[in-house]
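Listed features, source Swiss-Prot:
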| type | residues | note |
| --- | --- | --- |
| ACT_SITE | H75 | active site |
| ACT_SITE | D120 | active site |
| BINDING | Y55, G57, G59, D76 | Ca(2+) binding site |
| DISULFID | C38-C99 | disulfide bond |
| DISULFID | C54-C145 | disulfide bond |
| DISULFID | C56-C72 | disulfide bond |
| DISULFID | C71-C126 | disulfide bond |
| DISULFID | C78-C119 | disulfide bond |
| DISULFID | C88-C112 | disulfide bond |
| DISULFID | C106-C117 | disulfide bond |
| SIGNAL | 1-27 | signal peptide |
Amino acid sequence: MHPAHLLVLLAVCVSLLGASDIPPLPLNLAQFGFMIRCANGGSRSPLDYTDYGCYCGKGGRGTPVDDLDRCCQVHDECYGEAEKRLGCSPFVTLYSWKCYGKAPSCNTKTDCQRFVCNCDAKAAECFARSPYQKKNWNINTKARCK
């Protein structure tokens, strides 16, 4: 092997060893997004929910601003239960599901997959039945979420 190739290979191996401390990406967010589209019939993008109220998106605290934000609070709590009761990692748990009309249906094998899929399905259905109020998107969470 050419010395330059060996040096590159060594650099890649060292980089990969260092990358083992990097937390995994939230792989199931894409699945959750498709589930949201299933439940709402594609009427609203899943991205519309990322910075909504006090709970939709990263983190969450305070009192939910409306029913839709409450859906996100319940979803956060459901993920917390998956971690606490079953030792699941909800953000990286992939599962199998199908869309029947506007109803997501979980079809999974393990307890973690089933629990996380049900968290997502219930949240997606809750999003679909709760009004979206633009005034609650991208709010000042420091001021409103106490």
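Quick reminder: no glycine exception, Cβ is built from N, Cα and C everywhere.
Under the DSSP three-state reduction, C99 (disulfide bond) is assigned to strand. When the binding-site residues G57, G59 are compared by the number of other C-beta atoms lying within 10 angstroms of their own C-beta, G59 comes out lowest. Packing around Y55 (Ca(2+) binding site) is summarised by its Cβ count: 26 other Cβ atoms lie within 10 angstroms of its Cβ, all protein chains included. In the structure shown, the C-beta of C117 has more C-beta neighbours within 10 angstroms than that of any other entry among the disulfide-bonded residues C99, C117. Each of C54, C56, K58, G60, R61, C72, Q73 belongs to the same chain as Y55, G57, G59, D76, is absent from that list, and has a C-beta within 8 angstroms of the C-beta centroid marking the Ca(2+) site. DSSP assigns C56 (disulfide bond) to a strand in the three-state reduction. Considering only the recorded positions G57, C72, C78, the residues lying within 10 A of C126 (disulfide bond) on a C-alpha to C-alpha basis are C72. Taking the C-alpha positions, the distance from C38 (disulfide bond) to D120 (active site) comes to 12 Å. In this structure the alpha carbons, written CA, of Y55 (Ca(2+) binding site) and H75 (active site) are 9 Å apart.
Residue pair D76 (Ca(2+) binding site) / C56 (disulfide bond) shows a Cα separation of 9 Å. The recorded positions listed here (G59, C72, C106) include C106 as those with a Cα within 10 A of the Cα of C99 (disulfide bond). According to its DSSP assignment, C106 (disulfide bond) is in a strand. Note: H75 (active site) has non-local neighbours Y55, C119, D120, K122, A123, C126, i.e. same-chain residues 6+ apart with C-beta under 8 A of its own C-beta.
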